[in-house]
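First comes the structure, then the notes that go with it.
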Amino acid sequence: MFKGAIVAIVTPFKNGEIDEPALRDLIEFQIENGTDGIVPCGTTGESATLSHEEHDRVIEITIDAVRKRVPVIAGTGSNSTVEAMRLTKHAHEAGADGVLVVAPYYNRPTQEGLYQHYKALAESVPIPIIPYNIPSRTGVNILPETVARLAKISNIVGIKEASGSLKQMNDVIRLCDDGFSVLSGDDFFTLPLLTLGGKGVISVISNVAPADMACLVDAFEAGNMKKARAMHDKMVPLVDALFIETNPTPVKAALALMGKISEDVRLPLYRMTETSREKLKRVMQNYGLIG
């Protein structure tokens, strides 16, 4: 079962190319600070602007750098089922422990189309699959009843839920067996989802504060709700600041302020405004991440 504090890791760039040394350093930073798993090539990893070759390479680098210390769940989604199959097959052959597959975007399939998309993937590659529901980006919502159907497929093992609806998340948990991992796709909903029976989070804030998100999840699992609530409250201002502009622009700016990477993003994403940067910087100073 995939659970705990899992990071949706950024893809660092330098002079327009993947910065492999920086990516390897980020992975060490994550593992040293208690992260339970790493997701390369997700939304936060700018998968949409990676070439096919770069996408494959980022996954390979991550698997090599992690060295089986924590699970690697590779982002392999596409709005083409055939392309998602290719990406998923590569991740499996490269040694990924699982794949995160965003719902097909732009073409807006029906619920039956979504079911058949994931079913075809599951039948084509023998790897644990986590569908990713984020209607605000994809234009389609994987409904709880569809998730319940998917959960009956043996290698569809969980879902990253970013619908923004706790009611929907609760319905998914209610309709699926306890072994099905419902993971928050929104840092703010991590603690509320855990209280409903969720298993963890695929996190953006973990890029900059991995120990704190790991602490929240560990405290909850240990039954220390007071500590879990304190960590939640501590992180809320930073979560807000990391979404002051389109993800992953702010989190890359934050990592740059911490001296870990260049803040380069690829067009059509663009660097932060100075107003947003100053707001982010103040929050990070108050949080203790920078001086």
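Heads up, the Cβ atoms here are built off N, Cα and C, so glycines get one too.
The shown structure was predicted, so the numbers you read here are calculated from the model rather than taken from an experiment.
If you check Swiss-Prot, you get these features:
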type	residues	note
ACT_SITE	Tyr132	active site, proton donor/acceptor
ACT_SITE	Lys160	active site, schiff-base intermediate with substrate
BINDING	Thr44, Ile202	pyruvate binding site
SITE	Thr43	site 'Part of a proton relay during catalysis'
SITE	Tyr106	site 'Part of a proton relay during catalysis'
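Annotated features taken from Swiss-Prot, shown on the structure.
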residue	record	Cβ neighbours (10 Å)
Thr43	site 'Part of a proton relay during catalysis'	23
Thr44	pyruvate binding site	24
Tyr106	site 'Part of a proton relay during catalysis'	9
Tyr132	active site, proton donor/acceptor	25
Lys160	active site, schiff-base intermediate with substrate	27
Ile202	pyruvate binding site	31
Spatially speaking, which of the recorded positions Thr43, Tyr106, Lys160, Ile202 is closest to the residue listed as 'active site, proton donor/acceptor'? Use C-alpha to C-alpha, please. Lys160
Of the recorded positions Thr43, Thr44, Tyr106, Ile202, within 10 Å of Lys160 (active site, schiff-base intermediate with substrate) (CA to CA), in sequence order, we find Ile202
In terms of DSSP three-state secondary structure, what is the assignment for Ile202 (pyruvate binding site)? strand
